[in-house]
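> Got these off TrEMBL a minute ago, pasting:
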- 1-71: domain 'Winged helix-turn-helix transcription repressor HrcA DNA-binding' (DOMAIN)
- 104-320: domain 'Heat-inducible transcription repressor HrcA C-terminal' (DOMAIN)
Amino acid sequence: MLTNRQQDILRLIIQHYTKTGLPVGSKSLMAAGIKASSATIRNDMKALEEAGLLQKTHSSSGRVPSMKGYRYYVDHLLKPTRVAKTEMQVIKQSFGQEFHEINDIIQQSAEILSTLTSYTAFSLGPDMKDRRLTGFRIVPLNSRQVIAIIVTDKGNVESQVFALPQSVSGADLEKMVRIINDKLVGEPLLTVYQRLRTEIPMILHKYFQTTEGILDLFDLMLGQVFEEKVFVGGRMNMIDFEPSQDVDQFKSIYRFMKDPEELMQLLIPPTESIDIRIGDELGNDLFHNMSLIQASYDISGHGKGVIALLGPASMQYSKMFGLLDVFSRELAEKLAEYYRSLDATS
C-alpha cells in the first residue's frame, strides 16, 4: 500500500518522464510541489523502487517508471486530460467530409488518430466486430480431400479445399468439427480467434493424439474472413519509438503490420469501454516495451467497433486516454449519421 505522498511522487515521475524522456530526481519533485525534504523524497523513491514501480538508469541518479509502475499509474492514478481545441477541430473537420462507404469512415478514423498522435492506430468497424460464427463444416471431396466451410451470422461464407493428413481419419475429423462447433458456434469472431489459441487446442488434445493441420486450417479461413477489415494508420510509426536498431526486429514488425490474422490477435475485445494493456500483457515479444489503448464504441442497432492506439510504454496516458475517449464518441456519431442516411434512402 502506497502512502499519498508516494502516489504523488510516482504520478509526477510518470508525467514528467512521459513528456521529457528524462529521469526524475528529488529536486525536480520538490520543484513540482512535493512538500518534503530531499532526503524524505529519496527514501520514498527508494521504497517505490523496491516495490518494483521505479527503476534507476545507468546515466543518472534519477528514477524512471517500470512497466509495473505504469500499470499502477493506469489502474489507480490516471486522470484523463481534456482534448485540446486544435485536436478537436482536426477530428470534426476530418469526419465532416462526405463518405460513400462505411469502410471509408473506418479507414479514415485510423488515419486521423495516427496523425494526431504519431502512433500506430487500428480501427475495426461494427460490421466486423459484431460478426458471430454460425457454423464450421467439412464436406468430403474424395478419400483424401475435403472442403472446409465457415459461415457467419452476416451471411459471410469462406471455403477452402484441404488435403486430409494421413494421421487424421475421417471419423476423427468429424469429431473434431463437432467439438469446435459445440465450443465456438454463436461466439463473436474475435472471441473465436482467442479461444482457438488457448482452450480449444487443449480440449482437442484430450481426445486426439494429433490435430495436425485442422487448427491451422481454421486459422487460415478466419484470416480470409477478416482480411482487409482491420484498418491501420501510421503502420510503421512504431519503428520511431522502437529503441532497438535491429534490422531483424524491424522486419518482424513490418511482417506483423501486414498480417490481418496477427492484427486480429492483438485487438482482443476490450473488457472496459477503454482498456489499456502494457508490455508483456500484449502477449507478443515484439511489443514488450509498448502499450495498447483500446476503446470500444457502440452504434445503436448496428453493433460495436474498436479503435486502438499502439505506442511506447512511455506514452502520455492521461492525454491518450482523453483523446481516445472523445475520438471513439465522434466516430460512433459519424457512423450513426451514415446509417441514418442509409435508412432514409432505403
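Keep in mind that glycine also has a Cβ here, set from the backbone N, Cα and C atoms.
Just so you know, TrEMBL annotations are computer predictions that nobody has curated.
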> Would you report the average pLDDT that the model assigns to the domain 'Winged helix-turn-helix transcription repressor HrcA DNA-binding' (1-71)?
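On average, pLDDT over the domain 'Winged helix-turn-helix transcription repressor HrcA DNA-binding' (1-71) sits at 94.
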> Quick one: DSSP breakdown of the domain 'Winged helix-turn-helix transcription repressor HrcA DNA-binding' (1-71) into helix, strand and coil?
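Counting residues by DSSP class gives 41 helix, 11 strand, 19 coil.
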